[in-house]
């Protein structure tokens with residue numbers, strides 16, 4: 001009898017040694033044996049506790065505020081803010097200023113605030129789980145839905161990248177006085193992929209420093225333009241404080257809001273915050289990181305708001321109420337500025353070109369960064385970073401080169417193309433927002449950092465508002481552009497499938513109870529060969 005008990009105890013100990021430890025409730029188990037990490041352990045920045053190194057916080061309260069620690073956390077928010085300053089956004093700003101004057105500045109401010117909310121939810125997912133949004137989507141959704149989400153994210157990224165590369169190419173054309181054609185600017189901009197790879201080898205902080213220089217270049221360039229043109233301070237304050245909207249400016253208003261939420265940026269921010277070494281199992285450290293990320297992201301988006309405000313008011317001052325207002329776009333904006341304001345010590349055409357080049361270069365590099373995380377997260381590809389970067393860059397450069405060659409001599413065609421690219425990105429917005437809101441609301445994924453009911457309602461309201469506004473843009477665009485029976489039928493079929501997938505994503509969340517919701521159905525877990 002004693003031998004039998006002893007044998008049973010030995011078997012139980014052996015089984016315990018073989019069984020894996022239970023996962024932490026705030027980290028979702030991956031469906032793969034080894035997941036692709038956003039940053040390797042040796043690449044992450046160590047957060048040092050300056051205030052009490054001998055007494056680490058183990059309770060629920062985060063350590064006291066530290067300026068030096070804020071400096072260590074500063075970086076991801078500024079990289080995220082570049083999506084608010086890409087050439088597509090600048091074109092939306094200049095058109096809003098030229099057509100609507102100062103009247104949409106209030107909307108720009110509140111749209112930036114909505115963008116901050118969405119981006120902080122993305123950061124919350126990354127910090128609390130230790131994994132980024134694309135990785136979590138890979139485990140949250142069935143295979144077919146995961147591939148649809150990945151395809152949509154890649155399409156959105158390619159659309160944004162085309163705008164960014166074309167914007168850089170236009171800037172290079174301006175600064176070379178027309179010597180370099182658009183396609184040559186595209187080739188030069190494509191080389192930023194190798195610059196990105198070079199900088200990444202020197203660490204995250206070096207890369208963040210380069211982006212800080214590019215943002216500062218944008219800020220100085222557009223602030224210089226603001227100072228040269230001297231927009232009305234009174235009209236500026238009225239535009240910020242007094243909400244105004246008319247039927248003539250509704251399209252520009254939709255564009256202002258639609259440009260703020262960039263699908264690839266939602267995925268990007270959840271990965272960038274993992275560049276700091278934070279233990280997701282320690283509640284106090286997670287809360288501390290979220291507090292610092294909120295501060296630095298708020299500062300970064302305030303700077304981006306000021307830059308967007310500079311651009312909007314400069315073009316409001318120069319072109320509001322003129323015949324050129326409805327014809328101005330990214331291609332001819334520099335020439336129109338030069339004709340209107342001329343130049344002092346440095347011609348305003350070249351100031352605009354420098355700012356546009358900084359915007360295009362910085363946004364294309366962050367696009368390459370986002371593409372790595374999206375591809376690696378959804379597909380769990382174990383590729384070297386340089387190979388993922390080259391694949392991501394190639395997906396955008398090939399169509400962009402075709403665009404540059406075909407539309408090189410036609411400003412009107414480039415403006416039409418830009419409208420289609422804006423529509424492409426607007427279509428993709430639900431496929432980033434809905435998975436984010438679903439995941440950040442689940443306790444089994446977020447643990448104690450699941451958002452509460454009030455924040456949940458606010459977030460869903462903001463998401464619904466953004467999707468409705470972009471839905472209006474899509475409806476307005478297709479009503480004016482759809483011509484022909486077959487094209488109309490194709491659009492109707494595509495729209496039906498599109499709406500059906502959005503309904504599926506909403507029903508998958510916990511916010512709207514539904515009999516279709518996967519949360520009410522217990523799905524069998526995947527079993528590997530080694531487990532059987």
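The backbone N, Cα and C atoms fix where each Cβ goes, and this holds for glycine too.
The structure displayed is predicted, hence computed values, not measured ones.
What TrEMBL lists as compositional bias 'Low complexity' is 27-39.
What TrEMBL records for 1-39 is region 'Disordered'.
Taken from TrEMBL, the feature transmembrane segment covers 105-127 (among others).
Feature annotation from TrEMBL assigns transmembrane segment to 180-198 (among others). For the transmembrane segment (180-198), the list of distant contacts is 165-166, 168-173, 207, 360-361, 364-365, 368-369, 385-386, 389-390, 393, 397, 400-401, 404-405, 407-408: same-chain residues at least six beyond its ends, Cβ to Cβ under 8 Å.
Outside the transmembrane segment (210-227) by six or more residues, the chain places 78-79, 81-82, 85, 199, 303, 306-307, 310-311, 313-314, 337, 346, 348, 351-352, 354-355, 358-359, 361-362, 365-366 with a CB less than 8 A from a CB of the stretch. Taken from TrEMBL, the feature transmembrane segment applies to 210-227 (among others).
According to TrEMBL, the feature transmembrane segment maps to 253-272 (among others). Nonlocal intrachain contacts for the transmembrane segment (253-272), taken as residues 6+ away from its ends with a CB within less than 8 angstroms of a stretch CB, comprise 38, 75-76, 79-80, 83-84, 86, 88-89, 92-93, 95-96, 100, 104, 107-108, 111-112, 114-115, 118-119, 122-123, 125-126, 132-134, 152-153, 156-157, 160, 245, 366-367, 369-371, 373-374, 377, 422, 425-426, 428-429, 431-433, 436, 465-466, 469-470, 472-473, 476.
Here TrEMBL flags 293-316 (among others) as transmembrane segment.
Look at TrEMBL and you will find 349-370 (among others) tagged as transmembrane segment.
Residues or ranges marked as transmembrane segment by TrEMBL: 390-408 (among others). With a cut-off of 8 Å between Cβ atoms, the residues of this chain six or more beyond the transmembrane segment (390-408) that come close are 154, 157-158, 161-162, 165-166, 169, 181-183, 185-187, 190, 193, 367-368, 371-372, 375, 383, 414, 417.
For 458-479 (among others), the entry in TrEMBL reads transmembrane segment. Listed by sequence, the residues of this chain that lie at least six past the ends of the transmembrane segment (458-479) yet keep a Cβ under 8 A from its Cβ atoms are 114, 117-118, 121, 251, 254-255, 257-258, 260-261, 419, 422-423, 426-427, 429-430, 433-434, 437, 440, 451, 491, 511.
What TrEMBL records for 485-506 (among others) is transmembrane segment.
When Cβ-Cβ distances below 8 Å are used as the criterion, the transmembrane segment (105-127) is approached by residues 38, 76-77, 80, 84, 93, 96, 133, 136, 236, 239-245, 253, 256-257, 260-261, 265-267, 269-274, 278, 280, 286, 289-290, 293-294, 297-298, 301, 304-305, 308-309, 312-313, 433, 436-437, 439-440, 446, 449, 451, 458-459, 462-463, 465-466 of the same chain, each at least six residues removed from its ends.
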